[in-house]
């Protein structure tokens, strides 16, 4: 078609030469030849680039390519996390209640709030499972979809802040001059926990705006509807990244780096902790283990999710290709499951960092087993009595 256009332009030039004379016709011919060369070159370049660079596809079309992988990963993860998180956190709350009758410390108050956060979020996982089992069709009211999204972010950032507060309390417990001001006053720590709930709850309100959206006539949940929504979430991501992850992680790192030198100084001084105060030495080492476990939880559960989520939101707001968006979407799905798994990791934190919790948890498990066996024994005794009665009547 390009060469046909060029031949038409040459024929028009010849017509102009025949009617307008040799001088003007020759000049007009040169101009038209130049225009023809430019048009032909531009056409060839456009054809070449169109064959190399594929046309941009819509954002939703890119995400469709990873839907099967995403829903499969979510379904498998939630089926494992829900029963474990629900039962373990219920057991943790029962153990904390038993500990509260004896004595209450600041760390126990924080751990109890953390267990409440994890247990509350685990209650929303069955709704997500029903959604995925119904071929990704939301059959519940719109407000439940918004509540599930909201609860995820409330649990995520309340857990991060509670773990940060727990690390600070362990540092205060090791630093002797400040120990009495916080560690022995759980009421003040309860007020701090209440402030964390209010802060996270209010900061997560924007996520209530994302409800049920229609896609191919099917009501969907946990999906973003437009490009502007992705960009708005990207702004919220930076706020959460700074105040919900980076600052808490630096605080935990500070606590760990402050605890270790204090313990080393106690070892190098004239009075050795192992001989002068064995209980204090155990408390100090337990504080080191607790803060180290919190750091590992951050690195495994929270760091990958915040890093990949930031890159993914950049790709969705920018003009990145589907070859980049699809792998990032799949990576976000995997790292989100890692973030959800903190509901299972936190009970291990309680168990291995607190001896009194470990003892009470074992008592709770023993009492449950004992009550179950006692019920079975009662049933056997009743059956034996019935058999004896029937034999005596015969």
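The backbone N, Cα and C atoms fix where each Cβ goes, glycine too.
In TrEMBL, annotation is done automatically, which means it is predicted and not curated.
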(request) Look up transmembrane segment in TrEMBL and report which of 30-49, 50-69, 150-169 it refers to. (result) 150-169
(message) Which range is it, out of 235-257, 258-280, that shows up in TrEMBL as transmembrane segment?
(response) 235-257
(request) For the transmembrane segment (288-308), find every same-chain residue at least 6 residues outside the stretch whose CB is under 8 Å from a CB in it, and list them. (result) 156, 160, 163-164, 166-167, 170-171, 240-241, 245, 248-249, 252-253, 255-256, 259-260, 263, 328, 331-332, 335-336, 338-339, 341-342, 345-346, 349, 352-353
